[in-house]
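Q: Quick one: structure below, then a few questions.
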Amino acid sequence: MSTVTITDLARENVRNLTPYQSARRLGGNGDVWLNANEYPTAVEFQLTQQTLNRYPECQPKAVIDNYAQYAGIKPEQVLVSRGADEGIELLIRAFCEPGKDAILYCPPTYGMYSVSAETIGVECRTVPTLDNWQLDLQGISDKLDGVKVVYVCSPNNPTGQLINPQDFRTLLELTRGKAIVVADEAYIEFCPQASLAGWLTEYPHLAILRTLSKAFALAGLRCGFTLANEEVINLLMKVIAPYPLSTPVADIAAQALSPQGIVAMRERVVQIIAEREYLIAALKEIPCVEQVFDSETNYILARFKASSAVFKSLWDQGIILRDQNKQPSLSGCLRITVGTREESQRVIDALRAEQV
């Protein structure tokens, strides 16, 4: 009688799954962490709610109300979750039948769309972006049959550019009555004029992902939001865990979204954008850098001569960047989070010392 291992008992798609390689999972012994698009310094909060013997609210009112006020929408159009990553998964669980429906996304882009779908057993379809990293609308149209959720990251991670708003409108018209379009706006605080939040009334099938991990400087909190019309939110509420946010997380999130918290976030954005422009200008003068791409975010994508050697050389010096070589159309590319001036200088000095 053959022995069945524990791994044999697991679902086939889980056995075959390659987990998402987060910056933390990839590790490294760095002291300059520029690989996860985090804010470079800690922001301090004091806990005010100490009733930890009670379960938290499923959707903490102060957090929902504050976020709705900030985003300019109704509280009924907001769902809070454990990071935007949970929102990605909830949308698939609510709308996609495993083994029947598909999601669609446009690489090069964020890796969690595919991981979430594969974990649940939902087909992934890809339509690579055009040479300028804008949407291939004809390609998307050709592959929409059976697709229930389309993910579009704007500004896009890792390329840093915004998706053309007219293309978003065309996509929303193509998918009307067929699929949910998800605009991943994790980095929208760095270019707030480009948000699609004002489009929700016009498009009942639009959902928007947001996070406190980037401009709000709270990656360690794991707090994200899905903005959508009430009908979509009610469906997501059916599949979300009963207590997604712990009491301390809800406490700090509500403070971060207070009027003072919003002012502080906007000050951080101004500072990061100034630092980004400084770093872009410096990178353009460095011999081993072939190309620096425009960015609307808190990171910069650049193409390097001998990028793998450059990546390893900086890694060995404790400067951890994010290698994008395996992404479609990004051979030779590394992504650099915008950090402090001292961190920028470490990167610039290390790159200048590279022999090309």
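Glycine too: its Cβ is placed from the backbone N, Cα and C atoms.
On a predicted model such as this, the values are computed, not experimentally measured, just so you know.
Quick paste of what Swiss-Prot says about this protein:
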| type | residues | note |
| --- | --- | --- |
| MOD_RES | K214 | N6-(pyridoxal phosphate)lysine |
Q: Need the DSSP three-state call for the residue listed as 'N6-(pyridoxal phosphate)lysine' to compare against my parser.
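A: DSSP assigns the residue listed as 'N6-(pyridoxal phosphate)lysine' to coil.
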Q: For K214 (N6-(pyridoxal phosphate)lysine), just count the other CB atoms lying within 10 A of its CB, please.
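A: Excluding its own Cβ, the number within 10 Å is 28.
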